[in-house]
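Heads up, the thing below is written out as structure tokens.
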Amino acid sequence: MLHHLLTTNELKVEEIYQLLEDARRFSKGMTWRTEQQMFTANLFFENSTRTKCSFEVAERRLGLGVIPFEVETSSVQKGETLYDTVKTLEAIGVNAIVIRHGQDRYFDELVGKVNIPILNGGDGCGHHPTQSLLDLLTIQQEFGRFEGLKIAIIGDISHSRVARSNADALTRLGAEVIFSGPEEWFDNHSLQSAKYRPIDEAIREADVVMLLRVQHERHQRKGSFTASEYHNQFGLTLEREGQMKPNSIIMHPAPVNRNVEIADSLVECKRSRIFKQMENGVYVRMAALKRSIESLMGGNQYEAAYSERKLHSI
Amino acid sequence: MLHHLLTTNELKVEEIYQLLEDARRFSKGMTWRTEQQMFTANLFFENSTRTKCSFEVAERRLGLGVIPFEVETSSVQKGETLYDTVKTLEAIGVNAIVIRHGQDRYFDELVGKVNIPILNGGDGCGHHPTQSLLDLLTIQQEFGRFEGLKIAIIGDISHSRVARSNADALTRLGAEVIFSGPEEWFDNHSLQSAKYRPIDEAIREADVVMLLRVQHERHQRKGSFTASEYHNQFGLTLEREGQMKPNSIIMHPAPVNRNVEIADSLVECKRSRIFKQMENGVYVRMAALKRSIESLMGGNQYEAAYSERKLHSI
Amino acid sequence: MLHHLLTTNELKVEEIYQLLEDARRFSKGMTWRTEQQMFTANLFFENSTRTKCSFEVAERRLGLGVIPFEVETSSVQKGETLYDTVKTLEAIGVNAIVIRHGQDRYFDELVGKVNIPILNGGDGCGHHPTQSLLDLLTIQQEFGRFEGLKIAIIGDISHSRVARSNADALTRLGAEVIFSGPEEWFDNHSLQSAKYRPIDEAIREADVVMLLRVQHERHQRKGSFTASEYHNQFGLTLEREGQMKPNSIIMHPAPVNRNVEIADSLVECKRSRIFKQMENGVYVRMAALKRSIESLMGGNQYEAAYSERKLHSI
């Protein structure tokens, strides 16, 4: 069976743990390569630095060939549909595809009809499973567990690809999730996954303060805040950081709006795991690619070479 | 002597057969690599998914390094000519260049002046030799021969890079070519290479129904058709498909305008070889690259390593 | 200590000679590879063919993985700063970064804060050290020395990234530099590094005639010349070439405006080293990348494999 990676919700708890374990091994130097030359393509219909570049690094670390694909110079400009584009890449020998697309659940028109795995690099305001996985890996590295942790997710939950996926996964893994941020940005739907707490309480109680990016490019509602209003009311100021629990950490999916969600000087402070999250992104993407490519290998079509030589001391 | 690949017409029949034979071998797993690290670049001045991506796959399968070149961010934007761009890439060590360009016969200003082979990925309304070769390979795979076959090419012959090249090559290989489509889209020049038949007769008689894309981006003439008018009058409808000969096949260079040139449900039907054509595109491009790079090796400058290990049973 | 390559001025004479020696060895077939898979990224905020493509070739010749980065489809479009972009690439495992940017000394905000070497591919009207190095290599190949040579740099010194860097380096290496071109384009600052000579005298006396590109894209001052006025007054015409010293050579950083800075037929004449300069660009960039990556290896983190097998006869 083909293992796409479309949403965090569809992953069972044991699948999440398996992906995190592979990611951890990759972080310790495990290598994994297919015997046969295999190819991926990264179709990004929206701008990206972190997700695209870290998939590019992950693919090369696995020895996969990467076929460049730029939406702006492709036949998408002649009106070719996403389905026909993916089928074309499948036909010319691409073995796995990463897609970021502005439309929610763009993958529904592909699943069941294409014969290569799709890894979702973000869909509309929907899902971003490799971002969730890298968040989970970062928390697991820090605390060694999820049970009993309190995670505060702060910001615009309703427009966040990550917030609800994370809330769902963290809850299933035994953590307690609370939401905070501008109350008018929450809707009943958001609040099904976790309860709302005022910002200062959330920050004082949390083991993990996970800030969301204010997505200027998605925001058109009235009553928005100026940058400094947002920072004072809902951002992680120096004062609020002083109220955090002793071993608690700061996370943010980036790109950061400095002095909006978080004070400039806190981005690289001792508590911050923001750049650690980016590093972890490579390892979880390697794990996700391995899982998807292994699912192609059912019929012994491909073989992979493992090396855990460096792993004896882990 | 340097072997460019510029037009199908300049290829002798035995050269076509040699390219098809190499392509067949690549499809069966033949590997071919140069001893020395060599580089290619793909210069696409027009949008493309199929041609560009399949050259990218072909190049990597041959172990060639691919130097990224985006017209939009190159010195072409400072007014650098095509000639100076190609000479620059030659100077920095690129060993073969693939070019798609909107100008007919753009290569005339390069041939004889550059010292690396040029592979034409499409010029204006002119030629597209690797598309022709992949069409020929697909027909040869299906029927084992060209002699005695009847090929109907349907659509806008006068704007098609492929139609006249294909007509010429197929005729030289022993097939009979007929044209069909809107009569007002034909000119005397088009009709030099094959005779015109009404659509329903063409489809009933053909072993291969080769549909051309309606190129909205090239069409500005008056009296054009709506999509559904075109489909009813000149498209491959379900009814017309019912009239096709028992073992005849459907081909299309893609991207397909679904429900214009061909009914949506026929694109992936049993007769359709449309995605098979794309797969074959990689093999003919590998063959064309091998031919061009071998022409550089006259002076024993380079050596290649063949492997036909997997070929004993072909 | 991290070895960035930011300006020519900061390089000591012995460092310049070391880079030229490594470049010379690379031109003779030396190979140098890191044991561990390493990655680079090329961030070009301005258009480029030569510099970008030759870094791409150089990186692949050293066996480095190249992570594609297109400014236009990156998070730079969401307002991410250069600093955050570079830190992101560092976090995901990029080991060295090449940057071209329109802002003078863009690197001042990075140095001391990032942990990977930066290679300057051109900053504003400032510096372009790999261009200087390839110019130096070309002169050294030709004359075997710098001492006693007279180099005429002709054109718009004040807007040229290369002119002042070259003047500085050449003077330190023992050559004499003179400037020529439209007098109104010179300012006192330009003339600190070399003295002005009328065009015909400069050309008659020089061992190296180094023409600068008229940068239409940077020029907005009044009193500009038409192309043919510039050519007649300050360009290398056939007549002026006839006045050059017997073994003197012509150089130009390209892209060339043919029949402006230089007569069309002289671009590839016997005296011209214009395409040789481009070839040398690859070798000096290999040397610069090697130097920067070796500076990462202080702590025995990485190892490199040399091969000078082919070098015994050099």
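Our numbering is plain: 1 for the first residue shown, then up by one each step along the chain.
Glycine too: its Cβ is placed from the backbone N, Cα and C atoms.
Small disclaimer: the values here were computed from a predicted structure and weren't measured.
According to TrEMBL, the residue from A:R24, A:R100, A:R164 that belongs to the carbamoyl phosphate site alongside A:R50, A:T51, A:H128, A:Q131, A:A254, A:P255 is A:R100. The CA atom of A:R213 (L-aspartate binding site) is located 7 Å away from the CA atom of A:A254 (carbamoyl phosphate binding site).
Chain B comes close to A:K78, taken from the binding-site residues A:R50, A:T51, A:K78, A:P255 by a C-beta to C-beta distance under 8 angstroms.
Residues from the set of binding-site residues A:T51, A:R100, A:H128, A:Q131, A:P255 situated with their C-beta under 8 Å of a chain C C-beta: A:P255.
Long-range C-beta contacts of A:A254 (carbamoyl phosphate binding site), restricted to its own chain and to partners at least six residues apart, with a cutoff below 8 Å, comprise A:R50, A:R213, A:I274, A:Q277, A:M278. In the three-state DSSP classification, A:A254 (carbamoyl phosphate binding site) falls within coil. Counting every protein chain shown, the number of other Cβ atoms lying within 10 Å of the Cβ of A:R100 (carbamoyl phosphate binding site) is 24.
In sequence order, the binding-site residues near A:R161 (L-aspartate binding site) (Cα within 10 Å of its Cα) are A:H128, A:Q131, drawn from A:T51, A:R100, A:H128, A:Q131, A:P255.
For A:P255 (carbamoyl phosphate binding site), the same-chain residues lying six or more positions away in sequence with a CB closer than 8 A to its CB are A:T49, A:R50, A:R213. Restricting the average to the domain 'Aspartate/ornithine carbamoyltransferase carbamoyl-P binding' (A:4-141) gives a pLDDT of 95.
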